[in-house]
Structures are given as C-alpha cells and as structure tokens.
Amino acid sequence: MLYLLSELSGTLTPLNVFRYITFRTGGALFTAGFFVFWFGPWIISLLRLRQGKGQPIREDGPASHLTKRGTPTMGGLMILAGAVVSILLWTNPHNHYVWVTLAVTLGFGAIGFYDDYLKVTKQSHKGFSGRFRLLLEFAIAGAACLMISLYSPAGLQNQLAFPVLKDTLLNLGWFWVPFAAFVIVGAGNAVNITDGLDGLAIVPVMIACATFGIIAYLVGNVIYAGYLQVNYVRDTGELAVVCGAVIGAGLGFLWFNAPPAQIFMGDTGSLALGGLLGSIAVAAKHEIVLAIVGGLFVLEIMSVIIQVVSFKLTGKRVFRMAPIHHHFEQKGWKEPQVVIRFWIIAVILALVGLATLKLR
C-alpha cells in the first residue's frame, strides 16, 4: 500500500524511497515486530481464557515437558496477523508472487488452526484426518504452483534449476506442478514437525526467511542475477519484503515463546510458515536450495519417517523418540542445549545455501 506513494515522487521527491525494496523490507520487519510485541499480551490472555487447559502435552514425552501443561497454543495467529498487516502495508499490491505466497500462507494457516482447534477441544494429539489434511494442503499448493508457473518467465516455466551447476535446467513438463506442490507441502509439514520445543522452530524459520529474502532479492534483480549467473526471475525481489515481515513477526513472537514459553505457535503457525518458505523457494526457482537452507527441517521430518518405517518393517526403533529433538532429550540433553545447538546448525546450513549463489 505504501508503495503506491512512490507514484507521487514526481511531486514530492522523498516519497521515491518507497520504491526501494530494501527500505520497505526494513519497514515491514519493524512494523510486524511492533504489532506482535504490542498486541501479543492481549492475544495470549484471550487464547488462555478460551482454551482453558491449553495444548495437550504428550504423556510419553520427556518428563520435563509436563510442566508446560496449560500453555495456550495457536500463537501462529500472532505471527500471521503481524506479518499479513505488514505485508499489505509495505509490498507492491500489483505483485503476483506476493498474493500467491499470501494465499498459501493463509490457506495452510487455516488448516493448522482447525487442527489446533480440534486438539484443544478434544484434549488430544489427534486433529482431523491426516489424509484429508494432506489433500487440502496439496490442493492449495497445487493451485499456487499453477499460478507461479503462469507468472514465471517463458524460459523458466516448469524448469528445475540446480545449485552450483551454471545454466543447468531440467524441464519437468507437466510433472513440475506436483513436484513444486510437494516442495511446499513438505516444507509446511517439516516445520510443523520441528515445532516441539520452546523457540526451536521460529528461529530457524527466521534464519531461512532471511536467507531466502536475500536470494529472492538477488534473483529478482537483473544486474545481480547476471553477475551471480543465476536465473533472473522478474518481480521475485518483492518477496524479500514478505520475508522481512515474517522475520519481524517472528522476533515479536520469540519474545513470548522464549523458555519458559508463554504460548506455542501450534500448527496454525508452523504449517503456515513452512508453506510460506516453500512457496518463496518455488517462485525464486531455488527449490533444491531450500533442502539445504532448511536442512534442519528435513532432518526432523526424515527422523519421523525413518522411525515409522523401521518400526513397521522390523518392530525396532532407530531413535529413542521421534522427532529427533526428543531423541537428544532422551539422551540427557537439556532443552536449551537442543534448541541452541539446532539453531547453530540452521545458521551453518543457511550460509551453505547462500554460498551456492556464488559457486558456479
């Protein structure tokens, strides 16, 4: 919305600053952060009042988690509210990628909200049918990928780019849409699986958002894309503003989610944020790089898959408990140790992901 003020720069020159993506990214970050920080206590009080017992805690989990009983969930509403308000305020309203990303984020957020609602009202870890949930996620992601394909440059439609390999594209044809949808759905559920300890998911999400904000900005700038010899995808630079808004909202949320957490983001937040990361990676043609930058999320969801498959085939478990962050807790690591060490891993993976831009 504020971007439109730049159209008056001919009359009032200082308004030209609203054309700059970097300026609006900073504005989006501070706006979202202030929104969540200011309204956070009120939202937490309201959710605590409405939910009563809060998020159900696993009885088979680490004993230290039992002290978290009564903590409200659905904190993703705080993140989404702050991010969406900021995105609408600071992005170019004519940018198609912004609207597609918002649609995925809010769609996944709605699915997560309903799942959280069922868990809280039933005081059970089981939300609604996993198959139906996946069906809804793929429907939303598939529609988004069709739109992204239409908006992509002619030479990049349905193409999969490979990091490090210069000018190497794989034409997936009709298979690109289901592949890209899988990336988005996979990202959403991987972040969802990771959200099991105070602060564990939100910081890696912010790190990944910062990384993909940089990638989207560079890929969407014809000069930088040419210098780095990466595929130029027009208009994706605006997604850096979206990433800035999410980082700001994440910082505001972390203020209340820092241990001991006053609120959990729940599926409302984790599904939405993962879907957002996936859609940005797909739009920027850096799907494979997402697996590197979001390697922590990949590790978490793969630990669950390995555990389930191993138990069904052999009757034995590979990990003491899945997801893998609980495995380390069962080995004696304190919760802050697990969280901070996983943050360090996320930072390292983000740097590796950024390095792929230059290594050609």
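Cβ atoms here come from the backbone N, Cα and C positions, even for glycine.
Annotated in Swiss-Prot:
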TRANSMEM  27-47  transmembrane segment
TRANSMEM  70-90  transmembrane segment
TRANSMEM  98-118  transmembrane segment
TRANSMEM  134-154  transmembrane segment
TRANSMEM  168-188  transmembrane segment
TRANSMEM  199-219  transmembrane segment
TRANSMEM  239-259  transmembrane segment
TRANSMEM  263-283  transmembrane segment
TRANSMEM  288-308  transmembrane segment
TRANSMEM  337-357  transmembrane segment
Would you kindly check 27-47, 70-90, 263-283, 337-357 and say which stretch has the most C-beta pairs under 8 angstroms to the transmembrane segment (98-118)?
263-283
Quick check: do the transmembrane segment (27-47) and the transmembrane segment (134-154) share at least 3 Cβ pairs under 8 Å, counting only pairs 6+ apart in sequence?
no
For the transmembrane segment (199-219), find every same-chain residue at least 6 residues outside the stretch whose CB is under 8 Å from a CB in it, and list them.
21-22, 25, 79, 191, 225, 228, 230-233, 236-240, 242-244, 246-247, 250-251, 253-254, 257-259, 261, 265, 269-270, 273-274, 276-277, 280-281, 283-286, 289-290, 293-294, 296-297, 325, 338-339, 342-343, 346-347, 350, 353-354, 357
Tally Cβ pairs under 8 Å between the transmembrane segment (263-283) and each listed stretch (134-154, 168-188, 337-357), then give the stretch with the top tally.
168-188
Recorded stretches the transmembrane segment (239-259) and the transmembrane segment (70-90) touching, at least 3 CB pairs under 8 Å
yes
Taking the transmembrane segment (168-188) as reference, the highest number of CB pairs under 8 angstroms among 70-90, 134-154, 288-308 goes to 134-154
May I ask for the residues of the chain that lie six or more residues beyond the transmembrane segment (134-154) and have a Cβ under 8 Å from a Cβ within it?
96-97, 100-101, 103-104, 107-108, 111, 176-178, 180-182, 184-185, 188-189, 232-235, 271, 275, 278-279, 282-283, 285
